[in-house]
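Encoded as structure tokens, the structure appears first; notes follow it.
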Amino acid sequence: MRQGKISALIHNSANFPNLPFCEVEEVLDLPGGGHEIVENSQLVVSRRAFKNNTSKYYMNRKETNFTTVTDFLRARGIDLDHKRFLILQGEVESIAQMKPKAANDHDDGLLEYLEDIIGTSKYKVPIEEAAAEVETLNEVCSEKSSRVQHVEKEKSSLEDKKNKALVFIKDENELVEKQSALYQIYIDECNDNTRVTEEAILQMQELLNLELEKHQGNEEGIKDLQRQFKRSTKEHEAMEKETQAIAKEMSKYDKESVKLEEKRKFLANKRKKLEKAMQASRLAASECASLVEKHADDVERKTAEIASLEKEMRREEEELASIRESLKGKTQGLSDQIAAMQKGLEPWNEKINEKLSAMAVAQSELDILHEKSNAGAVALEEAQAKIASIQEGGAAKTHELEQRRLELTELENEVATLTAELQRFSDKEPEYRSRLSRARQNAEEARSSLTSTQNQGNVLAGLMRLKESGRIQGFHGRLGNLGTIEEKFDVAISTACPALDNLVVDSVEVGQQCIEYLRKNNLGRANFILLDRLPRRDMSPIFTPDSVPRLFDLVKPVDPKFSPAFYSVMQNTLVAKDLEQANKIAYGARRWRVVTLDGQLIDVSGTMSGGGTRVARGAMSSKRVAEVSKDQVEKLDAERDHMEKRFQAFQEKQRQLESSLKSKNDDIPKLNTTIQKLQLEIESAGRNLADAKRRVKELTAEHKPSKDDDSRAAALRKHISLLEAEIDQLRAEKAGVEEEIQTLQNKIMEIGGVRLRGQKAKVDGLKEQISLLTEEVSSAEVSKSKNAKLRVKHEKSRVDSEGELEQLAEELDRLSQENEDQANIVSEMRERTEAAQEALLSKKEELAGLKAELNEKTAELNETRAVEIEMRNKLEENQKVLVENQKRCRYWEEKLSKLSLQNISDLGEEQESDQLPVYTKDELSGMNKESLKAVIAALEEKTQNAQVDLSVLAEYRRRVAEHESRSADLASALASRDNAKSRLDTLRSLRLTGFMEGFSTISLRLKEMYQMITMGGNAELELVDSLDPFSEGILFSVMPPKKSWKNISNLSGGEKTLSSLALVFALHHYKPTPLYVMDEIDAALDFRNVSIVASYIKERTKNAQFIVISLRNNMFELAARLVGVYKVNHMTKSVTVENKDYIAKKA
């Protein structure tokens, strides 16, 4: 806009002085006024300007905003950025004046002009940013490279020390490997021992289970009794705990009851005191009220008497006055003197009366203070007596408490002694039981052995007697008795080897002697194994499927020479744990003879035998049975009986200790309850003592004359003394005048004679009576006032006491209710306690009966469990061995777990693994422990004597890590720089490629346009630097027709216009825009060139609409439509003329 304000565009004339807005609307239409309607293709863009310098934009007559309009037009191909659709005369010339390249960022050169149109200017900012990034990254790479070199130099300086430390580490690693191998050998040995022990425990457990089956009935009964005893014991313990808890709770409630009772007693005493004080206050108040009433009556009566006397005195005074009047002539002078003197005495009399009244009031107040002090002394004396009584009772309770505490200490000591003694008995009980068990076991084993010997067959017994008599040599007895096997395999060997009953002899000759002896004595038949005729066999261990044991390997012969005999009857028979495993082994690739632990046999031929309700047992024992005589059996029986008696005496003493301990434990809670009660009573006495002392302090503070009372009493006494002195002084001062008056009155009396004196005596007597009555009335008034105050005080004390009594009554009622509730609870708790104790006693008796029955049953069972006890002992021993082996295994495993190889692979050394090797059993068996120990000792000595600084490895590792980190940082920086450089090269390549493609097209079109326009001229765009078009810019060179090449800036005005228009048309061919507005671009052209340009616009630019503003007829006569603008009445109007010839021709 050329105007500074948009509102300047609004029309303003006489006819239309106040238009609100102006509007420009562009409608795209077809030539000739006709048009075709394509749905959703109509485009009407308008702008409305208002007086307030605001604008509104419309698209298809719908309001929108400037951004939407510009975005829409840009999308439709209108170049709003470079405004190539608007070509003004000055802009045509400005193209000609462009420099090859802008001198700075704020100017435009031909290079920038073309690059904006081509579109490669978008790469300028990214290229600059990428170049700056590459520069920055180059500096970063340089810095990081220097750091890497510095770290590498420091790392190299540590190489020698590092190598020495590595030699030491290798020795330590070798030491750790040897120790690991040794520890693994120890662990493997422990594991072997553990496995063997576990198998032995398992076998013994199975044998024990078999033995237990014999006593299953008794054991079940004992187990039931044990369960019942255990359940009863738990119930007894629970009941005992419950009883103790109830007793403890009962003690707590007893304590609460004592507290409540003590509190009730305290409140009751307090109520009595308050009632007594209230009664005293009531009596005192009543007495004071009576005195007030009495004094009031006295005042009233005496006031009436005074009035009567005054009336009488006035009558007598009138009589006296008449007598004096009769003597007036004689006594007038004296009477006047007396009257004057009496008048002069009136001020003294008034003062004296005032002083007397003040003195009476002061004396009354002083009497009240004295009475207050005397009343406090009595209450204080009573309170001090109560303190003495409380202290005496508290001392007695304290003494009793000390005695009870001493009793409790002695009882606890006795309990501790009994507990220790009982614990000692409990500790000895297992020993006694063990000794009794061993005695029973020995006796049972001996009897069993004797029975076994007696039960041997006649054949074996006869041959054994023959051997013992020395008549035969080389007879060894039954084969099954010449070896032992674990009881676990008893059924298996008894089933698989019935030949164990065969008899073993050295040779054929011995066998024949035995057969002859049997035949002669008719003892029966027997099978013999001849040791000298047994073939030599390979009896070494063999590989078995699933590593199951070979039966022959499980037998331990009493002498190795009997091994061939055992092998001859067992051979390679295997032992499986169950039938499933036996089937798997027997019917495998190789046939095996297999027997199971429970007596099922699979032969090599595939036949299976065994099973059933009875299995073969006893063919071979787990131990050799020594020969025992009958005397030895009887001796062992006696030892067993003696041990049983000792054990019974031990148990009886233990029961006595338990009973005594229980009795004393029962006494302790009772004694604790008594102590708690005494403590509560002492605490209550302490509280009462504190209350009494506090009461003494209160009374002392209340009735002790306070400083104010003392000072007030002193002031009152001083004031009374002062008033008495003043009264005496006043009386002394008027005494002379009264004497003179009396003298004058005496003279008058003498003059008046007997009648005057008599009358005067009457008047004086009445006056004296009135004076006395007045004094009595004054005294009664003072007493009345004093008693009224005392009455108020006593009434207040009574009311306070009544209020406090009401509170005490409420508290006592509440306390009584609490006491009643507490008593109910205590009664209920006592019933619960008694019931719990009775139930506990009943349960104890039941428990004792169960224990006696259990002991009896156990004793009966123990007599038949000698073998079981032996097995249990062996089982315990094996378990101890197992625990010891497991402990040793854990010890070596813990030591092994603490071993670890030091990883030196990160220091450039080859290392197979940083984990210690785990050897197989075969590998461990091939190692020599002693050799390992020797190597370990040598390595330990070597490493201990080495002088090596191992901290250098940490420093070296740190340097290596730092070098790796720095190198990684450098590599990362180099990669970042290379990426940035690659991105920069890519952007530059894209810019150059895109620009050169567009530049070539535009230059070619420019040449064509200029040749066409000038009909023979030539023009081209040249790169100042052909290697880098962006360094120096672009030259616009023109060769007008019949002239030499010139720069466009050196051409004439018309030539510049033609050259610029040629560039504009070339740019239109390169990037068309749908709309052009040209304002007098032909101003500098001659008619020939105007015609050429007009013809070009008319013929060659069909893909755009040209709006040309021109005053040259050569130009506008070729237009399809002319719009003339003119002015009428100060208003611009336009007229449109269509070129019908052009339109018709085109149609």
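Cβ coordinates are placed from backbone N, Cα and C, and glycine is handled just like the others.
Looking at 127-161, 442-476, the stretch flagged in TrEMBL as coiled coil turns out to be 127-161.
Region 'Disordered' is the annotation TrEMBL gives to one range among 429-454, 897-922, and that range is 429-454. For the ranges 74-118, 524-568, 929-973, the feature annotated in TrEMBL as coiled coil maps to 929-973.
Here the listed stretches are 127-161, 626-867, 929-973, and the one with the most C-beta pairs under 8 angstroms to the coiled coil (222-326) is 626-867. DSSP states for the domain 'SMC hinge' (473-586), grouped as helix (H, G, I), strand (E, B) and coil, give 60 helix, 18 strand, 36 coil. On the 0 to 100 pLDDT scale, the coiled coil (626-867) averages 75 in this prediction.
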